[in-house]
Structure formats: structure tokens, C-alpha cells
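S.K.: Shown below is the structure under consideration.
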Amino acid sequence: MLRSSDQIFACGFEIFGKVQGVRLRKQTRDLATMNHVRGWVMNTDEGTVKGQLEGTLPKVNELKFWLLNFGSPRSIIERAEFTPTMEIPAHTFNGFTIRYHPNQIGQLDL
């Protein structure tokens, strides 16, 4: 049986509000990387930011709390939706990345 510190959990998220063009993706990636959370984040055509988180339950919950209550300094979070956090047998991502929609290439907000 895995120790709780070895268990891996995953969930998806979508953040609504003023969340594009405010460095939310970059700061999500930076916080996730600092906390050893893997996954991805991207802008959507609907004006939201969505992604996937994988890590220990305390670290995934920390990222969820930050996305729901804080975000980047210039963002205005109106609502955050999360899929149920589920235990998974192994990581499916090697790190945490920013994904780009094909029509965003050339308009990067690094």
C-alpha cells in the first residue's frame, strides 16, 4: 500500500473572470513547479483558463485554493470549477507546461 505522501491525485480546472492577459498561466506554472505539481494550463477561446493538476493531495489542494481565491495579482477570479479530485496510479505528465492554442502562437504573453 502506498503511503499518503506517495499517493498521486489529479483534477481538472477552469477559471472564469479576467484571467487572460494577466500572467495567470505563467504564475500557475511557477507555483505548480515550486510545489512539485505536474500538469498543464492554457487559455480557451471562451476567455477562460483551464488545465490539469497532478500531485500529492495537499499540493493539489494548495493550487486549487490559490486558483479559486488569488490567481495572479492582475487577475479577477469570478468563478473556478474543478473536476473531482481522484487518486491516480501514476503521473501522466513529466512537468507543468503552458499549452498554446494554435491561434495563440505568435501572441505569447511570457
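Here the Cβ of each residue, glycine as well, is placed from N, Cα and C on the backbone.
Pulled from TrEMBL, these are the listed features:
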- 10-100: domain 'Acylphosphatase-like' (DOMAIN)
- R25: active site (ACT_SITE)
- N43: active site (ACT_SITE)
S.K.: Sorry to bug you, but what's the C-alpha spacing from N43 (active site) to R25 (active site), rounded to the closest Å?
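M.R.: Distance (Cα to Cα, whole Å): 8 Å.
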S.K.: Among all the protein chains here, how many other CB atoms are within 10 A of the CB of R25 (active site)?
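M.R.: Other Cβ atoms found within 10 Å: 26.
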S.K.: Restricting to the domain 'Acylphosphatase-like' (10-100), what is the model's mean pLDDT?
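M.R.: That stretch averages a pLDDT of 97.
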S.K.: Per DSSP, what is the helix/strand/coil residue tally across the domain 'Acylphosphatase-like' (10-100)?
M.R.: 24 helix, 35 strand, 32 coil
S.K.: If you count Cβ atoms within 10 Å of the Cβ of N43 (active site), leaving out that atom itself, what do you get?
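M.R.: The answer is 22.
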